[in-house]
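Since the structure comes first, as C-alpha cells, the remarks are kept for the end.
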Amino acid sequence: MKIVLANPRGFCAGVDRAISIVERALELYKAPIYVRHEVVHNRFVVEGLKQRGAIFVEELSEVPDDNIVIFSAHGVSQAVRTEAKERALTVFDATCPLVTKVHMEVARASKKSIEVVLIGHAGHPEVEGTMGQYASEAGGMYLVETPEDVEKLIVQDPNNLHYVSQTTLSVDETADVIDELRRVFPKIQGPRKDDICYATQNRQDAVRDMAGQVDVMIVVGSKNSSNSNRLRELSEKLGTTSYLIDCPEELKEEWLTNQAKVGVTAGASAPEELVNQIIEQVKVFGGTTVDELKGREENMFFEVPKELQIKTVS
C-alpha cells in the first residue's frame, strides 16, 4: 500500500506565529501564561503548551489580575479587548494577520454605518471575534452559512451592504454563498481580495489534486478545526472515502484494508511531527513507500510582537 502525501499541508504562517508567541512568552516571562481560547485548534499542540505552563481559559474573568494573557489566532471581539484594557492585563495578540484584515474591513464598514454580512459558521471563535468588530447602532451585521440563509436574510438597506467571510471555509461553498448574495443583493460590495486565507486555499487545492489518485484519505487535524473539517468534506465530495483523525491511535486498520493508495494531508493547525507519527502508524498497517506530491510553495511569514523578539526581559 503506497502512501501519498499532500503538499502543502500542515502549519500555516498564522499558526506558526501564534504558537511562537505562546512559546516565547513562556520563555521570557515564565509560567503561568494565560491564553484565551485554544491558541490554535489542535489538541496535540495545546497539550504540549499546557505541559510547558500555558493555561487555556475561555473568559478573561478566569485570568487573575496582573497576569499575561494571549489572544488566540482566531481573534477576539472589541469587547474582549476593552475588558483586558480596563483590567490592565498584559496582552500579546496572536490573532492571525489575515483574520485581522477581515476585522479591519468590518470596522471600516461599521464606522460608515454600512451593513455587513459575514459568511461563516455560528459558534466558531473566529466568527465571534469578527462579529464583535461591528459597533454601529445605525447599521447591522448578519451571519449566513448557506445560500438558503441568504434567501431568508432581511437587511435595512440593500444598497448599502458589504460582505466578508471566515478565513477557513470551503472555497467552493463560500463561492456559492457569494453568488447568492450577489443575486439577492445586486449592489452588495465585497473585499478586493477573497477573505479565504492562502493556506486554506492551497490545502484545499492539494486535496483536489490528490483525491482522484488515492483510495482513501486521512486528514490530520482536530475535530474543532474548521479548515481540517473542510479538507475532509472536500475529499468526500470528490468521491474519496475520508477520515479526520487527531492522533495515530484513532487510525483504524480496517479503513486501509485492500487499499492500494492512502492519501495523507493535514489541516493548517496540525504539526508535521503529528503527520509523521500517523505515517508510521499507516506503515504498521501495511503502508510501504511514501510519495510526496509537488504543490504550491509557501513563503509567507508573520513576525511575532516586538516585545517577544528580545532575548531577555530587561
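For all residues, glycine too, the Cβ spot is worked out from N, Cα and C.
Features of the protein shown, as given by Swiss-Prot:
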type	residues	note
ACT_SITE	E126	active site, proton donor
BINDING	C12, C96, C197	[4Fe-4S] cluster binding site
BINDING	H41, H74, H124, T167, S225, S226, N227, S269	(2E)-4-hydroxy-3-methylbut-2-enyl diphosphate binding site
BINDING	H41, H74, H124, S225, S226, N227, S269	dimethylallyl diphosphate binding site
BINDING	H41, H74, H124, S225, S226, N227, S269	isopentenyl diphosphate binding site
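Here the Cα atom of T167 ((2E)-4-hydroxy-3-methylbut-2-enyl diphosphate binding site) is found 5 Å from that of C197 ([4Fe-4S] cluster binding site).
Considering only the recorded positions C12, C96, E126, C197, S225 ((2E)-4-hydroxy-3-methylbut-2-enyl diphosphate binding site) has E126 as its nearest partner by CA-CA distance. Counting only residues at least six positions away in the same chain, the Cβ atoms of H74, Q166, S226 sit under 8 Å from the Cβ of H124 ((2E)-4-hydroxy-3-methylbut-2-enyl diphosphate binding site).
Rounded to a whole number, the distance between the Cα atoms of C12 ([4Fe-4S] cluster binding site) and S269 ((2E)-4-hydroxy-3-methylbut-2-enyl diphosphate binding site) is 7 Å. In this structure the C-alpha atoms belonging to H41 ((2E)-4-hydroxy-3-methylbut-2-enyl diphosphate binding site) and E126 (active site, proton donor) are separated by 11 Å. Note: the CA-CA distance between C12 ([4Fe-4S] cluster binding site) and N227 ((2E)-4-hydroxy-3-methylbut-2-enyl diphosphate binding site) rounds to 11 Å. Other residues of the chain with a Cβ within 8 Å of the Cβ centroid of C12, C96, C197, the [4Fe-4S] cluster site, are A13, G14, V15, A73, P97, L98, V99, T167, T168, Y198, A199, T200, A268.
Sequence-distant contacts of C197 ([4Fe-4S] cluster binding site), defined as residues of its own chain at least six apart whose C-beta falls under 8 angstroms from its C-beta, comprise C12, G14, C96, L98, T167, T168, A268. A sphere of 10 angstroms centred on the C-beta of S225 ((2E)-4-hydroxy-3-methylbut-2-enyl diphosphate binding site) encloses 25 other C-beta atoms.
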